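As structure tokens, the structure follows; a few thoughts come after it.
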């Protein structure tokens, strides 16, 4: 039966590829090409390594490679296994057929393995093989490499299954829709924890950080499976028979954990699926008792509708993930580096203000477009309603614009003001920063709405990915080009005319030299006629920001009126 | 004939070499309940989508109350309401929030919209669930919520695609009575259905579409002509179902317990 089910899956995959749009197949081909390039790159690196090696160094290197493999599998595998086990559309059908639940489970298990884990097996096994041949290691290395590079991903998949089947019983069924988000968060925490393991478990002291010449990485505790794999491979390379124990141990652990997961089939898989599907239709009160019926403008209502959608579905919050990571990294860099608030306070307010504005604009350029594009893509199945209602495309675009602009604008402005208080800016700097952000950022949101209208994609399980590949790339490029262009008139106002000499030194040919000579000429003009250049810069700035916003709103509106087609990939895969 | 509420003049829709709708001309007068029938894939939904502004016809014109749907879409859309067969509503809104959204779009005063919504919620037995998110509704309830939204602004023309799919018998009866009442009060209803009894019982006139072309158009009496055939007989005759009937007989003959 497992063979039959796998055969069906293979045929479905074949037909999906045959019926995919050309664009989808092209993106798959590009991904394949990138993987092959990466593989060739890795092969090139390992074959150029010296053939004489330091055993300790190689062992540590292997153990970190295996940790990365496990980390990647957990990071991507936990949510993916959830999809396979509990969110596949075919389960409703398969559970009605006379098929053993364990058979369905194993098919799902194999499917999970033949995905990222299989790819990781290939990208670790082949370079390992190449290195072995290049360094002329002992023959034991090759079977050990095969077993270890297979066992490590298998361990990761088994762990992902255990985590899913356990959590599905802990999390309330009525939160089934949000479970995927929880799984993503759990996998993130797990991976973070795993990468901290060597730090946490290694006793600080002499010799604990000396395995690498850089002395940066702590040693991996010997009882971790990554260390078993590494130890097996280094022993096998030297022809030491002791490689057998960790190799067999790892294989047994992977197989044992996989079979232990399969033993939980009834409890974890079948009953978990039932529990989630029962929970799906549970009543969900919005708690609006004592409401007052109000009617707003259509534009305002469209914005509020988007806000309610975001607020009520935790999955939608995934869109903030890059935003949150950005803040964590920036905050970490700020506090962990040699700099401190006190040191920053020493900076000239003009410099600190410029740095903060640049950071804010970077965030807007990075975030606004994808957020507003998701507001369009979210319409997906309900696009019919917008078309039937007496609304112009521009009205719809404006409705989505104001809310998608406000959501990032409020927190970023609060952060800007906090930074200003910490860095001791004068009041005029606060106001100028807010005005700048308020003028520059709407066009980025408008650009996102237009991009969403031309290339929206909707998969409820993957809310942070609401754009097709090419439009998302276009949006990213246009966002940064726009921000850079708007900064030219801003800098022309801010930079003192006396700095013209500095630019003249750099002036010359090429992009940088050309830009510098243009800047020098403009600053020279400012030196002679400051009012004209300042007024002209402000006008150009307003034209660029307002003009771009209006232009993209108009284009988005037209596109919406022509009819938007949101691509809806099967949420199963 | 009363003034036309819907007028289709030679509309066609072509996808590559496939003609989904072929030179369709229909005029539906004000206050008529018009039934649109046809086998699966005949072009019913395509035609309705063109009438509601969801699909642009390759050729021909569509007028709603004298307003060209594709030249003046906003004016035309103010006059209509559309309920598809599987309405995908805004699932993260509550019933009340959905009504508020529709009222805002059509600019209906709050008090008027609230009173109308309460009446429609009562009619469709949705009152007790109107504060819940639409995602928790059954298919039938979603259908009724879509109908509530459609009727909120007193449209001149209502387009319904398979409106009774998913409705319980009581709701289906309520809907049928309501549609009849609306037509008697001057609203025009254009309904596509597979349920021939509904068409036969309720509709003033019936259009049958096959392979994108109008195969028959008229009242029940006009369609019957001299015969006493039922709508089912007429439908099967027009849509060429003889081969299928023969196949059914053959299949039934192959079973030992066949009647």
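Here the Cβ of each residue, glycine as well, is placed from N, Cα and C on the backbone.
TrEMBL lists transmembrane segment at one of the ranges A:427-452, A:505-530, namely A:427-452. Ranges compared are A:93-113, A:114-134, and TrEMBL records transmembrane segment for A:114-134. With respect to Cβ pairs under 8 Å, the transmembrane segment (A:473-495) is most closely packed against A:531-555, considering the stretches A:114-134, A:243-265, A:356-377, A:427-452, A:531-555. Within the same chain, the transmembrane segment (A:26-46) stays apart from the transmembrane segment (A:356-377): fewer than three Cβ pairs sit under 8 Å, each pair at least 6 residues apart.
For the transmembrane segment (A:531-555), the partner stretch with the most Cβ pairs below 8 Å, chosen from A:58-79, A:114-134, A:140-164, A:384-407, A:427-452, is A:427-452. Remote same-chain residues near the transmembrane segment (A:427-452) are listed as 349, 353, 356-357, 360-361, 364-365, 368-377, 397, 400-401, 404-405, 408-409, 412-413, 416-417, 420, 466-467, 471-472, 474-475, 478-479, 482-483, 486, 490, 541-542, 545-546, 548-553, 555-556, 559, 564 (criterion: CB distance under 8 Å, separation of at least six residues from the stretch ends). Among the stretches A:58-79, A:140-164, A:243-265, A:384-407, the one making the largest number of Cβ pairs under 8 Å with the transmembrane segment (A:356-377) is A:384-407. By the Cβ criterion (under 8 Å, sequence separation of 6 or more), the transmembrane segment (A:114-134) is in contact with the transmembrane segment (A:58-79), since 3+ such pairs are found. Residues 298-307, 310, 368, 371-372, 375-376, 441-442, 445-446, 448-450, 453, 553-554, 556-561, 563 of the same chain lie 6+ residues outside the transmembrane segment (A:384-407) yet bring a C-beta within less than 8 angstroms of a C-beta in it.
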